[in-house]
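Trainee: Quick one: the structure is below, questions incoming.
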Amino acid sequence: MENISVAIRFRPPIPSSSSSDLPWTVDSNRITLLASPVPNLSFTFDHVFDCTSTNATIYGLLVRSLIRSALDGFNGTAFAYGQTSSGKTFTMYGSEDDPGIVPLAVQDVFRTARMSADREFLIRVSYMEIYNEEINDLLTLGSQKLPIHESLERGVFVAGLREEIVSSAEQVLELLKLGKTNMNARSSRSHTIFRMVIESSAKDVNSFGDVTSADAIRVSVLNLVDLAGSERIAKTGAGGVRLKEGKYINKSLMVLGNVINKLSDNGKQRGHIPYRDSKLTRILQPALGGNAKTSIICTVAPEEVHIEETRGTLHFASRAKRVTNCAQINEVLTDAALLKRQKLEIEELRRKLQGSHSGVLEQVVLKQRNDMHKSELERERLIVELEEERKAPEAWCRGTYDEVNMLHPDEFRTPDLKQMSNVFVARRSNCSKDLDSSPIPENFANIADEDLWMRLNKGCTTDLDMLQTPRIKRRSFSSREISLDQPFQEEAIDRKCERLEIQCSLERQQLETSEEQRMILECECNQLREEKASLLQTLSISKQDIDILRAEKEELVKELNLEKQMMKGLKEEIQLFSLAFSQREGLLTSLYTKSKAIVENLKSFQVTTPELYD
């Protein structure tokens, strides 16, 4: 268990304010508030950087150990927190003269990976932003509103996010420039997360000099986060789109503060931690009280006009300093890691990458690995979309049925025979009651005569006219009611007829409404069938694209095999040429030796010539 490392950085004050007017004093790692309403309020942190500190100094004291741990297999996160215009983006990205934490971390990762002699690395990067609680991919135009998913193998991840396999720091910096270009439309009104996934495996060198990989693969995730600046709407006076952006930013930062508050509580007082209330905290869940090493740089403005925002930032930092994480080395022992799936063919290709074609083949191999990784990400995205499309019609039909059931609860309800009263069958007297039971006759004979039947039923005779239906209530009139005046009876009959006509018209309207709803449902079902057909067509097209990618992959493999065969043929020709050259050289050596011997013999042989006289 280790605490989150927290540092404070003061940006330079504006030229109009002097150092004597500043309401804060800095003594080593302690910050003290001098102004009211709470005088002598002190905070202590791991590091406190004044306005003269450079990004390289902050990186060396706070983030470099995080990068080394990420290369060793630990998850790591570093993010900047603070109000608007307090120096967060400058701290994370810097300038050409003073590079920030992100470019320094990228260069340090590749430099350390090259210096490692006992491990080999595979690094892939992604770049995203959270704008108005919507996740957008900064490396791909048009890839917006990406969902967050969770699995046992990958944990919390963003579905459909582009991940690029990289081999050098220069390639990563180019991707960062591309992401900044796509982000310029929203500037600092969004949270940005630059993520590096670092996979590494140990190298064992045997007696023959061949390289073999161990089974355990370390997979770590490094998050470098630049949070949007918090601001007070009453002070900025923002309106329209900027007001909406400020609301979403303040909401996500408020949720982040709530998560930090819950994590800083001890034991039973902690309660539920609201990671899911914001997409920012959901993505950063492993870095907040989880399996990661975390560093927070809180940037503040020293002027007295920003004293309330500065005090809030310092309170947030002091609470974050009490949060503990349990970081562990992430080792994968299955074939899920991308490095292990490609390791054998990469090793085989590396043995052949010597000679004039090494640079071209390196580019081909890197492109092939990127294409394979993109096809896998596309397949995962299609699976997620198909699952959502499969669930959508069921949820829609369920919601439509509930609406119809609420509007007309009796139209589609199955009749419950247990709840029907006795009057549904026939009007009868309640003979089941104890006090109103039929009188018991004095004696029972073998034959029940009519007089006994009348006494048992209290003089009530069963009449078939008393049988009723659920909707049309009919009743039999006693002899007393029949004796009423004829006009009153006719008026009562007319009123009953009118009520029956009104009831029939209402039921007819309900039937017409139900018929219209049925037609609407049929139309919507037809639309759903058409959408299903279009989805199936899209799926077939995607399958065809995947088949095309597989065919291209097979062609590339064939081309590589041809190159291998050509290299093998060249080696054989070189061997033959070397053999012929050695034979020719032997012949020339023997000829040279013989000619030299002949010359020596000629020099030793003296020839006498006759003298000539005049």
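If you go along the chain as it appears here, the first residue is 1 and each next one adds 1.
Cβ atoms here come from the backbone N, Cα and C positions, even for glycine.
In case it helps, TrEMBL gives these features for our protein:
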type    : residues                               : note
BINDING : G82, Q83, T84, S85, S86, G87, K88, T89 : ATP binding site
COILED  : 497-573                                : coiled coil
DOMAIN  : 3-323                                  : domain 'Kinesin motor'
Trainee: Go through Q83, T84, S85, the listed binding-site residues, and name the one with the sparsest Cβ surroundings, counting other Cβ atoms within 10 Å.
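Mentor: Among the binding-site residues Q83, T84, S85, the sparsest Cβ neighbourhood within 10 Å belongs to S85.
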Trainee: Using the CB centroid of G82, Q83, T84, S85, S86, G87, K88, T89 as the ATP site centre, which other residues of the same chain sit with their CB within 8 A?
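Mentor: Close Cβ neighbours, site residues excluded: R11, A80, G229, T299, A301.
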Trainee: Would you mind listing, in sequence order, the residues at least six apart from K88 (ATP binding site) in the same chain with a Cβ closer than 8 Å to its Cβ?
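Mentor: Spatial neighbours, sequence-distant, of K88 (ATP binding site): A80, Y81, G82, D226, L227, G229, I297, T299.
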Trainee: Over all shown protein chains, what is the count of other CB atoms within 10 A of the CB belonging to G82 (ATP binding site)?
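Mentor: For G82 (ATP binding site), the count of other Cβ atoms within 10 Å is 26.
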Trainee: Find, among the binding-site residues listed as S86, T89, the one whose Cβ has the highest number of other Cβ atoms within 10 Å in the structure shown.
Mentor: S86
Trainee: Near G87 (ATP binding site), which residues of its chain come within a Cβ-Cβ distance under 8 Å, counting only those 6 or more away in sequence?
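Mentor: Result: R9, R11, T299.
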Trainee: What mean pLDDT does the predicted model reach across the domain 'Kinesin motor' (3-323)?
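Mentor: It averages 85.
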